[in-house]
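What follows is a single structure, written as structure tokens, with notes after it.
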Amino acid sequence: MVPELQKSTVRIQQPERVMGVIRAIKEQGCSKLQVISDFDMTLSRFGCNGRRCPTSHNILDNSHVISEDGKKKLKDLLHHYYPIEIDPNRTLEEKRPLMVEWWTRAHELLSQQKIQKGDIAQIVRESDVMLRDGFNELFDQLHKYSVPMFIFSAGVGDVLEEIIRQANVFYPNVNVVSNYMDFDDSGVLKCFKSPLIHTYNKNNSVLQGTAYFQQLSTRTSIILLGDSMGDLTMADGVPSVENILKIGFLNDKVEEQRGRYLDAYDIVLESDETLDVVNGILRYILMET
């Protein structure tokens, strides 16, 4: 059915159930399908040539528009909060307020840097960001079959949209909900628009998605792509779900997180920098039989 599922990076706890879901989504047809995806480290690569690839926040943090002092403070925040974000021994309840604190402090620091709206394209061009191998096929196929793609990101929307734009895949079927910058009349960043989206509130509490999902109420088959426990709630705004396939990229601390990911995601991709498996499943689902 889907030869890509034989890749060595693939782990599936319940293969029969997963194949059943994939078959059911195919039977429902592409008019019933929508894709809901995280962006950073899901559509973009986690690592390349042994180095970490940047997230949409990192792209700003590391860019020429941030002062040395600003860079140091942002790095300090990362070193303090990132271990908390991925700590398997803390509950989501413990993590949530700390993530709000991190994002708020980072956005306040960025807002002091006088970032110009016109600089963002250049900042993205100069960065090391890479989309996962196979991104062209993913975006092209979804566009060709008019399958809506909802990108739900705790990153920076302005940066993320620019990455997709520069990759020439920002098609009309792609919708983004993320943290967007608010510029003053002269195009200088003054703050970020609310609501704040962090790793662990990607759910109904962020209301921008709900109107979107209402319009797509007939699309009851969902493929969800994520890389964190916080991404599992991204489809919570969908009014009725008949079939959902959750695919998780396990990028970091693979050994210690494997058990939790296998329990939470239908398919887990370990240290896999490609979209091969996603594309293989879509090829099977979208193939006219």
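Our numbering is plain: 1 for the first residue shown, then up by one each step along the chain.
Glycine too: its Cβ is placed from the backbone N, Cα and C atoms.
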Say Swiss-Prot lists SER153, ALA154 as binding substrate: which of LYS95, LYS114, LYS193, LYS202 is in the same site, per that record? LYS202
Mg(2+) site partner of ASP38, ASP40 (as recorded in Swiss-Prot), chosen from ASP182, ASP184, ASP185, ASP227: ASP227
Using a 10 Å cut-off, grab the number of neighbouring Cβ atoms around the Cβ of SER153 (substrate binding site), all chains included. 25
Here the Cα-Cα span from ASP227 (Mg(2+) binding site) to ASP40 (active site, proton donor), rounded to a whole number of angstrom, reaches 8
The largest Cα to Cα distance in Å among the residues SER153, ALA154, LYS202, listed in the record as binding substrate, is 8
Given ASP40 (active site, proton donor) and GLU85 (CMP binding site), what distance in Å do their CA atoms have, once rounded to a whole number? 14
